[in-house]
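A quick write-up on the structure given underneath.
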Amino acid sequence: MRTHPKNRPWRTALAASATAFALLLAAGCGSAGSGDTADAKQAEGDKPFIALSNGFIGNGWRQTMIAKFEEAAKQAQADGLIGKYKVVNAPGNNSATEQVAQIKSLLLQKPDALLINPASPTALQPVIQQACDAGVKVVVFDSAIDAPCAYILQNSFVDWATYAAKPVLESIGGKGNVIVVRGVVGSQPEAEMYETTKKILAEYPQVKTVATVTGMCDGATAQKAVLGVLPSVSTVDAVIGCGDGYGVAQAFATAGKPIPAVTFETNGRALSYWKDNKIDNGSVAVMSDPAQSVAALWAALDLLEGRDLPKQMTFPIVLIEEKDRDTWASVLKPDEYAAWPWTRELFRQQVEAIKTGGEPVQPPIPSTTG
């Protein structure tokens, strides 16, 4: 078992980059908050109506994202902060055309604020401008977008790639053989992440990349891709991926080879596999935060109250090291992804850190009773 180096300079660098940079559903395509009933409508008064448009619902991360939003929105409704909320999930495979149509339908219902996890960085610009022109506050999260009137809240893909690479490279002492598993090749985030990975690898001259495969940030795809190259490589000390380590680890187990340090996804199934198989070799789990949707809700409410927010807001990625793995594993269902518990107070603290250049907020790990 390799020991962890006590010094982690990448922590300081990532804190600086994050500050400087200025993841239960109703059947069908949409769900509405309990305030959407006729009786509740009378009690709403002037309380705001918050709508969320989601471009894709077909994986556990997106489902966690919606569940966290609905949990926070229900509580905000109970606390009298909002009148009602509505979630609309575009059908199909991340179709911008479908999402544009559904946003237009949402706008006819006159929301006060619109939260968007977009299917495209460009195709939604006209309908977002239409929303802004109608006086709707628009917060786009989980992705950058070409829409000057919108507020953008996202995680940093540079941070994600850095967290995925540096800890595992340090765990092998900065030397050895690695496999790089790329994500959705051709997408803007993947290009940014891969460029970051290459820059980091250049800092480790004693590390040799013995194979580069495409895993689509999906465990099953990564497992098949890694299995395909294992017969041609003798030793692998680490695998740098993008939240696909569960499949990568299974590829090595299937091939009868020792499981190297890998980058796990942050869901309960992967964390339990990591724990139960005692893969205590410097592996980490890292992905973007599905509770960006909750932070976007607080952003919308602050905007509606006239508070000043930065147009670009970068929130912390979710990094799980061995020391926190078992705690996270104990609070997550198999298909649930780790999410920071953004309260309104923590949201405002992070906004202040962005404005002042301070250290990013580190939310607590959720508890089983929290």
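Positions of Cβ are set from backbone N, Cα and C atoms, glycine also.
Bear in mind that TrEMBL entries carry predicted annotations, made automatically and left uncurated.
Summarising the environment of CYS149 (disulfide bond), the number of other Cβ atoms within 10 Å of its Cβ, over all protein chains shown, is 15. Look at TrEMBL and you will find CYS132-CYS149 (among others) tagged as disulfide bond.
Look at TrEMBL and you will find CYS217-CYS242 (among others) tagged as disulfide bond. CYS242 (disulfide bond) falls within neither a helix nor a strand when secondary structure is assigned with DSSP, and so counts as coil. In sequence order, TRP160, ALA161, ALA164, VAL181, ARG182, GLY183, GLU190, MET193, GLY215, CYS217, THR263, MET287 are the residues near CYS242 (disulfide bond), counting only same-chain partners six or more apart with C-beta under 8 A.
The domain 'Periplasmic binding protein' annotation in TrEMBL covers 50-307.
Among the features that TrEMBL reports, signal peptide is placed at 1-32.
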- Note on the structure: CYS132 (disulfide bond), Cβ-centred 10 Å count of other Cβ atoms over all protein chains shown, is 16
- Three-state secondary structure of CYS132 (disulfide bond) from DSSP? helix
- Could you pull the average pLDDT for the domain 'Periplasmic binding protein' (50-307)? 96
- Counting every protein chain present, what is the number of Cβ atoms, excluding its own, within 10 Å of the Cβ of CYS217 (disulfide bond)? 23
